[in-house]
Amino acid sequence: MNSAHTWVNPLRDATDIRLPRIAGPSGMVIFGVTGDLAYKKLLPAIYDLANRGLLPAGFTLVGFGRREWDKQQFGDYVKQAVRDGARTKFDHNVWTHLAEGIEFVTGNFDDSGFDTLAARLAELDAARGTGSNWAYYLSVPPDYFATICHQMQRVGMSHSAENSWRRVIIEKPFGHDQESARELNEIVNAVFPESAVFRIDHYLGKETVQNILALRFANQIFEPMWNANYIDHVQITMAEDIGLGGRAGYYDGIGAARDVIQNHLLQLLALVAMEEPSSFDPAALQAEKIKVLQSTKPAYPLNKSTARGQYSAGWQGSEYVKGLREEDGFDPESTTETYAACTLLVNSRRWAGVPFYLRTGKRLGRRVTEIALVFKHAPYQPFDDGQLESLGQNAVVIRVQPDEGVTMRFGSKVPGSTMEVRDVNMDFAYAEAFTEESPEAYERLILDALLDESSLFPTNAEVELSWAILDPIIEYWAGAGQPEEYPAGTWGPTSADKMLRRRGHSWRRP
Ligand code: BG6
């Protein structure tokens, strides 16, 4: 008989998170499968999951669209996407096995194509053992959500029979303001229960973003300082060096704030600012994020606490690149911003008076996403004049990408016979500390959706609250004329620098 010490609870063992989590019998239908996102991210991620052995044997991938493709032609398209975008090495056996379950159904979103699709899914259930478990990935603009959801309802695709499931995975943009997001939520929730809706925010699938939870709640050194007593301000930066070439159709009229602040940056803010959840159970985690989003408001007046810009032609490294207005497909009169910054306040005991500065832009100096918690100066510093001249403010910087890791910045004595203190960095780099490679965000999120693990998906309440934070800013900009220009390759408009200077701060140069 096992002693109390060696007895292993088989149930616990089966759910041990260190074991690979493998999806059960299931399939996925992708709407918008010929789009950019599917080509670059979704199809490669599905292959990577297959290659890592995390998909069930009969996994079936169905593309639905207008093209007159047969199985072979669609298979060739997927194979090319995998060849171009997969993270893991191409393995002929894995591909051959996956390709057996790749199908294409031709149809429009508003015709009898859905009857054909539903019938095909039923046949596939019988032939491939998918168990009537289907995830529907809507990689299409939100204008199509209503039609697709209604069609799925009409042909019975949304209905899960006993012991099977039907889920919908939705890409952003989820609305363009709070009201439209609410309408979309009503449309989707009229067909799928909230528990079957997985809204993608791919930043939550990034390892470094999940590490915010580990850093804060697995350690004792950070949390005691993680509040307004010690932290002066927080800077959340998502800078990109790419321009909008080719994406004008999507981006014109949307802009930087709707494109990434409403979702990615506010999710980062929520994870950094929230209270400790009682567990990482989806409901517990989401409840804490909701609380913090409810307490978050723009600082006023908006003309002083926000900034926006549009890139003009300039040197991006060694390349001279076009300005926004010269990009193909962009209206030269467009007021769409490619740079957005705002000052937000989190009205809670923990964060009272601490500005959270958020900024994002295209065609900036380099690609970098980071969260910097900048500390107040020590209340008393027993040094002489000049000794602290090279000392800035202490900081903890979560480097989301690239060069993933965490930096701590603090002052250290410069070697020598005088007392001079200068900023130094202490770095943790994922690439050096771990041999495991991080999965792509989409691998993680697609697997989670198949496993019904919803912690990393924002709820409808989070989406609507994020719009509520942003709506007054976007409304103010709508009446404020043209955004300021900034040359490509720089760090954005001068108004963004002024926004911080007013409060005695300055942006980090990441
Ligand atoms: C998307 C935005 O959500 O995120 C794009 O729509 C942006 O405009 C992209 O380029 C950046 O993602 P990542 O993972 O490369 O930082």
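Quick reminder: no glycine exception, Cβ is built from N, Cα and C everywhere.
Bear in mind that the values here come from a model prediction, so they are computed numbers and not experimental data.
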Inquiry  = Record says His202, Lys206, Glu240, Asp259 bind substrate. Source is TrEMBL. Which of Lys89, Lys322, Lys362, Lys376 does it list for that same site?
reply    = Lys362
Task = Could you round the CA separation between Lys206 (substrate binding site) and His264 (active site, proton acceptor) to a whole angstrom and send it over?
result = 11
Note = For His202 (substrate binding site) and His264 (active site, proton acceptor), the CA-to-CA distance in whole Å is 8
Message = Counting other Cβ atoms within 10 Å of each residue's Cβ, which of the binding-site residues Glu240, Asp259 comes out lowest?
response = Glu240
Key: Packing count at His264 (active site, proton acceptor) (other Cβ atoms within 10 Å of its Cβ)   = 23
Message = To the nearest Å, how far is the Cα of Glu240 (substrate binding site) from the Cα of His264 (active site, proton acceptor)?
response = 14
Query = When neighbour density is defined as the number of other C-beta atoms within 10 angstroms of a residue's C-beta, which of the binding-site residues His202, Lys206, Lys362 has the lowest density?
reply = His202
Key: Among Lys206, Asp259, Lys362, the binding-site residues whose C-beta sits under 6 Å from ligand 1   = Asp259
Note = For the region 'Disordered' (486-510), the DSSP residue counts stand at 8 helix, 3 strand, 14 coil
